[in-house]
Structures are given as C-alpha cells and as structure tokens.
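Q: OK, Swiss-Prot features for this one:
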type	residues	note
ACT_SITE	D150	active site, proton donor/acceptor
BINDING	N10, E387	Mg(2+) binding site
BINDING	K17, H210, L211, G212, N213, G214, D285, C286, R287, G333, I334, G335, E336, N337	ATP binding site
BINDING	R91	substrate binding site
SITE	H182	site 'Transition state stabilizer'
SITE	R243	site 'Transition state stabilizer'
Amino acid sequence: MSSKLVLVLNCGSSSLKFAIIDALNGDEYLSGLAECFHLPEARIKWKMDGGKHEAALGAGAAHSEALNFIVNTILAQKPELSAQLTAIGHRIVHGGEKYTSSVVIDETVIQGIKDSASFAPLHNPAHLIGIAEALKSFPHLADKNVAVFDTAFHQTMPEESYLYALPYKLYKEHGIRRYGAHGTSHFYVTQEAAKMLNKPVEEVNIITCHLGNGGSVSAIRNGKCVDTSMGLTPLEGLVMGTRSGDIDPAIVFHLHDALGMSVDDINKLLTKESGLLGLTEVTSDCRYVEDNYATKEDAKRAMDVYCHRLAKYIGSYTALMEGRLDAVVFTGGIGENAAMVRELSLGKLGVLGFEVDHERNLAARFGKSGFINKEGTTLAMVIPTNEELVIAQDACRLTA
C-alpha cells in the first residue's frame with residue numbers, strides 16, 4: 001500500500017459514491033454507494049478486501065450520516081487506510097467559466113461552486129454538503145480537499161461551439177452558453193485512446209461517446225475538446241435514460257399554452273420522464289431496450305431513436321476533425337456494454353468508412369477494452385472509463 005491514497009467523493013442529491021484509490025497505480029481499496037437519502041430505506045453498500053457489504057443508514061439519513069458511517073464504521077475496521085489518506089477529491093458537476101482545471105478547495109472555490117449552482121441545481125448544492133462534511137470528518141486534511149470539475153475539460157471549446165444564437169448580453173451578463181459535462185470521463189478516455197493509437201495526445205483527433213443514464217459526445221481535435229453535446233445544463237444533446245436531449249424549444253411553449261403545464265411540470269417531463277423512459281413508457285434501462293429490440297415495438301422505437309441521434313452527432317462532429325478522424329471511442333455503462341447500440345449507430349455511418357466486426361464488438365464488453373471495427377475500416381474502440389482515478393490523480397498532484 002503506497003502513501004498516495006485518496007478518498008474520492010461523488011455527492012449527488014440523493015446518493016454518495018465513494019472510493020479509496022491509490023493515485024499511483026490505480027488500486028482500489030474501498031468502493032461503495034450510499035443511496036436513497038431522505039427516505040426510510042436509506043442504505044449504504046460497499047466493497048472492501050474482496051467482500052461485499054450492506055447496511056441500513058436509518059430512516060431519513062443523508063450525506064452527513066453516510067460520511068459518518070464511512071469514517072466511524074467502515075474505516076474503523078481498517079485504521080491503516082485512514083492513516084494513509086493524503087487527500088480528498090470531490091467530483092463537481094459544474095464549475096462555470098471560472099474553472100478550467102482542478103483546484104484545491106478554499107473559501108473562494110466554495111463560493112465559485114455556489115455561483116454555478118443555478119446551472120446544476122441538483123448537483124452543486126449536494127457537492128457543497130459533501131465538502132462541508134468531509135472537512136468535518138477529516139479535519140487534518142482541511143487543506144487537502146480538491147475540486148475536480150466535469151466542465152473543465154470542455155473549456156477549450158472555441159466561441160463558435162459554446163455560444164448560443166441568443167442576444168449576446170445573455171452570455172456576457174448571465175453566463176448562458178454551452179458548458180458540457182462528463183469532462184473527466186472524456187479526458188480519461190482521450191488519454192487512453194492516444195496510448196491505443198500509439199500517438200501523442202496532442203496529435204489525436206477522436207470523437208468520444210460517454211453513454212450512460214446520462215450521455216454526451218465530444219469532438220476532440222489535437223487532444224483538446226472543440227465541441228460537446230451537452231449544453232448550459234446536462235439536458236441538451238443525446239437521448240438519455242430519462243432526459244429528452246435535443247428538442248424544438250417551442251415544444252416548451254406548446255406544452256404550456258396548449259396543455260396548461262407549468263414550468264416545473266415541463267422541467268420534470270424533460271428531465272425525468274423523457275428519453276428511453278418516455279419512448280418505451282416502461283423503463284429508462286437500456287438493457288430492456290437491447291434485450292427486447294427484436295420482439296417489442298416500444299424497445300425497437302426507443303433504440304432506433306437513440307441510435308439515430310447518436311449517429312447524427314458522430315457524423316456532424318466528423319466535420320470538425322479538419323480532414324482526419326483517428327477513431328470513435330465508446331465509454332460509460334451503455335457505451336462499454338451495449339454492443340447493439342454501437343453496431344446500430346456505426347451501421348448508419350458507412351459513408352464515413354465505419355464497419356463493425358460483430359465478434360470483436362461482442363468481445364469488448366464487461367470491462368474489456370478493444371477495437372470493434374473490421375480490419376481496414378475506420379477505427380472504433382471501447383475504453384472503460386475511470387473517472388475516480390482521474391479525480392484521485394488530480395487530488396494527489398495538487399496536494400503533494
């Protein structure tokens with residue numbers, strides 16, 4: 001066990017993901033999820049020393065109770081882990097324009113996260129709770145807490161990519177622009193893709209597809225992000241588990257005027273009741289859609305719309321590659337495991353030279369990386385993401 005252990009925290013509105021990772025070699029000593037906050041069934045699950053464990057946190061428990069359990073119950077069994085913690089890394093969904101890289105957390109950074117909360121109202125307030133609780137639980141690491149922003153990797157986008165065609169003062173005065181998300185994942189797979197392509201990162205031209213319950217595509221030119229599908233918020237872009245992605249903005253007015261829906265109703269519809277859930281009217285789970293594609297109309301409908309949208313983004317981002325696309329990369333829970341999504345999406349892009357090898361595609365699942373294209377065709381690859389490792393490495397580097 002090295003002396004570069006980092007506690008990685010990812011606080012959501014109703015959950016907390018945590019891990020202790022060796023920032024030098026990526027070894028994971030603890031990982032877990034506390035979930036169902038504020039509900040009677042609040043619970044925590046974790047993996048340590050090869051064993052799986054679960055416990056109730058108590059009715060109504062939230063971030064404070066979860067971190068208390070991690071410190072006083074889980075880590076109490078392994079005091080050597082606590083003793084060797086050198087830093088705490090926090091995933092922060094939105095850093096606005098202010099943060100282009102990870103930073104050590106101080107009062108100014110906390111204020112910056114608050115200032116960006118209107119763009120991530122479910123996530124940023126939860127991150128602030130996580131930071132406050134971590135400072136309480138680990139006072140000896142007070143100056144070793146690091147914020148790693150999901151938006152930072154996308155701050156290299158040029159103005160023509162991040163501006164909306166709205167009155168310019170809305171950007172200048174209120175920061176309304178494209179920010180993107182999943183930046184930590186897009187960054188990680190870009191680094192890994194460069195290794196697989198045997199190229200320096202700064203020479204890599206790829207399109208990265210992070211597909212999970214949320215999903216986004218990024219255009220990476222010369223190793224830097226030049227466009228991404230998520231926008232001001234994570235609602236824009238691809239079809240997602242429960243999010244609509246791109247729609248005609250006038251649908252919002254129609255829902256209000258013709259159906260009498262309130263702003264809150266429409267927000268809930270677009271963020272929690274749309275996407276795969278809306279199209280199937282049954283579930284947001286891509287596994288259902290894949291398993292039932294050949295036999296159920298709802299599954300086929302959802303999969304076809306999902307892959308059509310994804311193929312459109314890959315195709316359009318090819319135009320930003322300045323004449324050379326090295327590869328398309330799939331990552332995230334769906335990107336890494338849903339072979340059908342990859343095959344159907346790339347099957348629409350034969351004009352760009354894509355041809356999926358069925359056997360290679362099936363082999364690149366369940367944590368395995370690899371190329372999935374037929375020999376001699378445009379490269380496509382699967383790379384399992386590791387956002388926690390990036391967060392641990394940044395936290396270690398900035399607090400050394």
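Residue numbers in this text run from 1 along the chain shown.
Yeah, the Cβs are placed from backbone N, Cα and C, and that goes for glycine too.
For each listed feature, how buried is it and what is near it?
A: Long-range neighbours of D150 (active site, proton donor/acceptor) (same chain, six or more residues apart, CB within less than 8 Å of its CB): R91, I92, V93, H94, G95, G180, A181, H182, G183, T184.
In this view, E387 (Mg(2+) binding site) is surrounded by 24 other Cβ atoms within 10 Å of its Cβ, with every protein chain counted.
Here K17 (ATP binding site) comes close to L9, N10, G32, L33: these same-chain residues lie at least six apart in sequence, with C-beta atoms under 8 angstroms from its C-beta.
Every protein chain considered, the tally of other Cβ atoms within 10 Å of the Cβ of R91 (substrate binding site) stands at 22. R91 (substrate binding site) falls within a strand segment according to DSSP.
When Cβ atoms from all protein chains are considered, those within 10 Å of H182 (site 'Transition state stabilizer') total 32, not counting its own. H182 (site 'Transition state stabilizer') falls within neither a helix nor a strand when secondary structure is assigned with DSSP, and so counts as coil.
Around R243 (site 'Transition state stabilizer'), the same-chain residues six or more apart in sequence whose CB sits under 8 Å from its CB are G214, P234, L235, L270, T271, S274, G275, listed in sequence order. Mapped onto three states, the DSSP output places R243 (site 'Transition state stabilizer') in coil.
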Q: Hey, does DSSP put E387 (Mg(2+) binding site) in a helix, a strand, or just coil?
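A: Assignment for E387 (Mg(2+) binding site) reads helix.
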Q: For the binding-site residues listed here, N10, N213, which shows the highest count of neighbouring CB atoms within 10 A?
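A: That would be N10, with the highest Cβ count within 10 Å.
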Q: Check K17 (ATP binding site) against DSSP and tell me helix, strand or coil, would you?
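A: Where K17 (ATP binding site) sits, the three-state DSSP reduction gives strand.
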Q: In sequence order, what residues of the same chain, 6+ apart, have a Cβ less than 8 Å from the Cβ of D285 (ATP binding site)?
A: G241, L276
